[in-house]
């Protein structure tokens with residue numbers, strides 16, 4: 001097993017910055033040692049939003065953005081390494097998810113695209129990188145997402161308590177950790193994404209701090225019911241989605257027959273949509289004794305309060321209470337997935353993604369001279 005220090009890098013669907021964590025990882029332990037959040041320049045955020053909403057761009061523009069994101073991720077890693085006085089040889093590898101700009105897991109040619117050139121990260125940090133985590137799972141018939149439930153299982157499963165982990169980023173996803181049962185997980189639908197898109201267009205703010213704007217409005221029930229009829233919400237798991245589906249254009253289509261609504265009422269309705277779709281999926285999945293929240297949505301007290309109200313038989317808490325800072329969860333997960341890759345261990349869960357089999361996932365971009373460490377030797381497939 002490739003035990004040692006790993007760095008995880010995550011730039012999620014909320015586009016609120018780059019999260020970077022440092023952790024010591026071995027077969028039995030994931031010990032977070034440091035973290036930081038690195039700002040995302042507004043022009044890069046805008047370019048990503050444009051792609052995700054289907055605006056055309058040239059291959060040159062895509063290549064430039066891929067380069068810029070790789071440099072941005074490297075800057076974030078170098079800042080953490082400088083803060084912790086680390087040399088490249090002190091770090092086994094960087095696990096970098098990349099920035100998802102398109103995710104289309106169904107149809108005749110399922111595909112997903114994460115950008116942020118891993119070669120730039122290697123060249124600028126001197127540390128080997130593991131990236132491109134999702135496409136192996138898709139090649140095996142899976143959704144390529146979510147991948148974090150495997151990490152939730154390793155850290156947060158309980159021998160007797162029915163638990164769920166809820167990550168509320170741009171998209172919300174659930175991990176079902178039930179004793180004696182295979183782990184399940186799926187995207188419930190929008191997390192912060194639609195609320196962020198609406199307040200950005202209406203007020204020029206990146207997010208609704210503490211849900212205060214939503215709290216000033218009233219839920220428009222006919223609009224909420226129209227939103228809930230979107231076919232994604234009735235699609236059975238395994239399922240996954242992203243900004244290419246739930247975006248500002250989606251809001252505009254829902255509002256087409258609701259002209260003149262107060263903007264704060266739309267925001268209140270979007271918050272209720274997130275809360276109600278999550279709560280419904282918790283209940284349809286059999287319920288949980290404890291729902292542990294991570295991600296940026298966990299800092300929205302209005303949203304958390306609505307979830308608690310909709311789930312009266314469930315203890316709603318934060319992963320912070322379990323010793324894992326919610327804002328760092330996904331970056332920490334990709335540090336762990338990098339460890340799994342270099343150790344030749346599967347990183348996906350077929351019970352979550354629908355893949356035909358568990359597999360080593362991710363591509364390795366080695367540093368030169370490999371950080372004075374050898375790359376993993378993967379076990380031969382059965383029967384070979």
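Cβ atoms are placed via backbone N, Cα and C, with glycine included.
For reference, Swiss-Prot has these:
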- 12, 13, 14, 15, 16, 17, 18, 19: ATP binding site (BINDING)
Item to complete: Pick out which of the binding-site residues 12, 17 has the most other Cβ atoms within 10 Å of its own Cβ.
Response: 12
Practice prompt. Mind checking which of 15, 18 has the fewest other CB atoms within 10 A of its CB? They're the binding-site residues.
Written response: 15
Discussion item. What are the sequence-distant neighbours of residue 14 (ATP binding site), meaning same chain, six or more residues apart, C-beta distance under 8 angstroms?
Written reply: 169, 170, 191, 192, 193, 196, 207, 296
Worksheet item: Counting only residues 6+ apart in the same chain, whose Cβ is under 8 Å from the Cβ of residue 19 (ATP binding site)?
Response: 8, 9, 10, 11, 12, 35, 36, 37, 38, 327, 328, 330, 331
